[in-house]
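In Swiss-Prot this protein carries:
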type	residues	note
ACT_SITE	GLU94	active site, proton acceptor
ACT_SITE	CYS332	active site, S-methylcysteine intermediate
BINDING	CYS114, CYS118, CYS121	[4Fe-4S] cluster binding site
BINDING	GLY159, GLU160, SER191, SER213, MET214, HIS215, HIS289	S-adenosyl-L-methionine binding site
DISULFID	CYS107-CYS332	disulfide bond
DOMAIN	100-321	domain 'Radical SAM core'
Amino acid sequence: METPKTALLGRTLDEIQQIVRNLGMPKFAAKQITSWLYDKKVETIDEMTNLSLKHREALKEGYEVGASAPVEEMRSVDGTVKYLFRTPAHNFIEAVYIPDEDRATLCVSSQVGCKMNCKFCMTGKQGFTANLSAHQILNQIYSIPEREKLTNLVFMGMGEPFDNLDEVLKVLEILTSEYGYGWSPKRITVSSVGLKKGLERFLNESDCHLAISMHTPIPSQRRDLMPAEKAFSITEIIDILHNYDFSKQRRLSFEYIVFKGVNDSLIYAKEIVKLLRGIECRVNLIRFHAIPNVDLEGVDMETMVAFRDYLTQHGVFATIRASRGEDIFAACGMLSTAKQQKEKGVTLQ
């Protein structure tokens, strides 16, 4: 049986330099390889024509580019596209392409499933199977047909990015480095429930935007909706955020799904104003998308507008996020590959 080759895709410049040294290739070959990967986006090592034939053959013995196309796609009536990817371990993940008038955003996954078990999220109901490598995360960007149209990237797909932060930070380095994609960090937003072990490290090691899943300003209620609150509370998250400056390039936002009869009254808006006082941020209000076996409901637009207007009038910039891809289960909280995982015989935790 042939030994699987190691993917070059998802490797940082430092890692490529180590590979080059190990193979006895000239030092400058590392930047040639990263250029072929992240600028020209080749599919095979044979296409790296400024490497000598000898060095290409040496590289091919143990390595491959490692790009793999989606195995399935679903298209929404609103233009949103949901892509299904199979990982080398035969796990399944989803990514969502969201075109808009002057923007094109890709929502990527960082894990197969998720440990956080948020009450309102289908990925959380799926349970956790595996972390994704930098290769598997970057492949979602590398391998969609619309990759050259992308203006923005959000880590809001399957999984908790801070629970797989080593790999997420590698991807962010590749995307924002001169040797990689060369993107501005302002094009990228990472969303998290706010894990303590990852929050400060992310803020210190990355300049990308941060989105915190709040969903209620009341800790006792947040514990019911989001078990992660038990380990690290929303008030502790806010305490840490006060130590950072979000008034310049990096943007801080709070995600707030509005549930009927749960967190939709202006009492909650008032508490949000108190909680966020002194922090430069915005609140994104999100309509709840019903998922199976969850006894939560969304609210009407009138309620959303009243909530937004209260926040704005009291000094907290707020927006209502447009729902996209609901008809193909691609909207916020609706991603799940539980069906595919079950069909291949994976035991979900």
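Even glycines carry a Cβ here, placed using N, Cα and C.
The shown structure was predicted, so the numbers you read here are calculated from the model rather than taken from an experiment.
Positions of the features from Swiss-Prot, shown on the structure.
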residue	record	DSSP class
GLU94	active site, proton acceptor	strand
CYS107	disulfide bond	strand
CYS118	[4Fe-4S] cluster binding site	coil
GLY159	S-adenosyl-L-methionine binding site	coil
SER191	S-adenosyl-L-methionine binding site	strand
SER213	S-adenosyl-L-methionine binding site	strand
HIS289	S-adenosyl-L-methionine binding site	coil
CYS332	active site, S-methylcysteine intermediate	coil
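Nearest neighbour of CYS118 ([4Fe-4S] cluster binding site) by Cα distance, taken over the recorded positions GLU94, HIS215, HIS289: HIS215.
Cβ crowding, taken as the number of other Cβ atoms within 10 Å, peaks at HIS215 among the binding-site residues HIS215, HIS289. When the alpha carbons of CYS114 ([4Fe-4S] cluster binding site) and HIS215 (S-adenosyl-L-methionine binding site) are compared, the span between them is 18 angstrom.
Between the C-alpha atoms of SER191 (S-adenosyl-L-methionine binding site) and CYS107 (disulfide bond), the distance comes to 10 Å. All chains included, 23 other C-beta atoms sit within 10 angstroms of the C-beta of SER191 (S-adenosyl-L-methionine binding site). Geometry remark: GLU94 (active site, proton acceptor) versus HIS289 (S-adenosyl-L-methionine binding site), CA distance 17 Å. Packing around MET214 (S-adenosyl-L-methionine binding site) is summarised by its Cβ count: 25 other Cβ atoms lie within 10 angstroms of its Cβ, all protein chains included. A 10 Å cutoff on Cβ-Cβ distances gives CYS107 (disulfide bond) a total of 26 other Cβ atoms nearby, all chains included. Note: the CA-CA distance between GLU160 (S-adenosyl-L-methionine binding site) and CYS121 ([4Fe-4S] cluster binding site) rounds to 12 Å. When the C-alpha distances from CYS121 ([4Fe-4S] cluster binding site) to the recorded positions GLY159, SER213, MET214, CYS332 are tabulated, the minimum falls on CYS332. Annotated pair the residue listed as 'active site, S-methylcysteine intermediate' and HIS215 (S-adenosyl-L-methionine binding site), C-alpha to C-alpha distance, rounded: 13 Å. The two recorded residues MET214 (S-adenosyl-L-methionine binding site) and CYS107 (disulfide bond) have their Cα atoms spaced 19 Å from each other.
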